[in-house]
Amino acid sequence: MKQDSAKPITSPLQDRNFDKLVDKFEKKVYDTLKGEWRLTLLKEDLEALRTSAPLRIWDAGCGFAQISQWFAEAGHQMTLCDLSHQMLLRAQANFAAAELSATFIEGPAQQIAQQLEPFDVVIFHAVLEWLAEPKATLQTIAEKVQPGGTLSLLFYNRNAVVISNALKGGWRLPFLLNDEYIGKGKKLTPPNPQIPEEVCDWLAQWGFEIEVHTGIRVFHDYMGQEAMQHSDSEQLLALEYRYCRQPTYRNLARYIHLRAKRIA
């Protein structure tokens, strides 16, 4: 088993680093029904790539590397990076435990991109909303998709933030009317959620064609504790699955996943 590590790269940008929140992040995000559902839909969207001939894949902001590990198990060549030292250590440990190989690089993806050749697939999951400069960084990352290659982009949806806070009402309404983002300052709430329609426009401008557009957690995150307690989880997930790719509903989901092919 071979695991390469490159020298860490530093950045002046104030992108979010999860070194101090790794355990909390894992418990709140991944070890939950909603986390499992996110992985289920992502894998379904990406299955055609996983079962193809071996690909060169860059996971730009790998976190715990569940998706990268899933690709590596199918024989693909993986390069992983993360700004968080602790996250990257966890990803390396997960690969080592599974006896899988990969190249790991610590640092901000937008700077790491400068030293990398284009890839068949670039994965950029749940990173965009934590960036100081989301659009500029996304463009830098997207440029590392070779012509004919694929970008897998997952991001926190600003539409969902507006709806969820409007439903709670009260003091939140003036903030929404002033287009002020309520989530700022909360440890696990991203500071820069994105509007799906705008992100789709960016990708089109940069020569990408969207092949898959999925909303992850269309209903789940709007349901209160009482509603969840009185709901069957299998029925809820069946409902989520029915509507997750329908245009009317998908752009209301907590997360948006886009699988986009570079055609120019």
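Every residue, even glycine, has its Cβ placed from backbone N, Cα and C.
Copied over from TrEMBL, here are the features:
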type	residues	note
BINDING	ARG38, ASP82, ALA109, GLN110, HIS125	S-adenosyl-L-methionine binding site
DOMAIN	59-152	domain 'Methyltransferase type 11'
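Cβ contacts within 10 Å of ASP82 (S-adenosyl-L-methionine binding site), excluding its own Cβ and spanning all protein chains shown: 29. When the Cα positions of ARG38, ASP82, ALA109, GLN110, HIS125 are compared pair by pair, the longest gap among these S-adenosyl-L-methionine-binding residues is 25 Å. According to DSSP, the secondary structure content of the domain 'Methyltransferase type 11' (59-152) in residues is 39 helix, 28 strand, 27 coil. Residues belonging to the domain 'Methyltransferase type 11' (59-152) score a mean pLDDT of 97 in the model.
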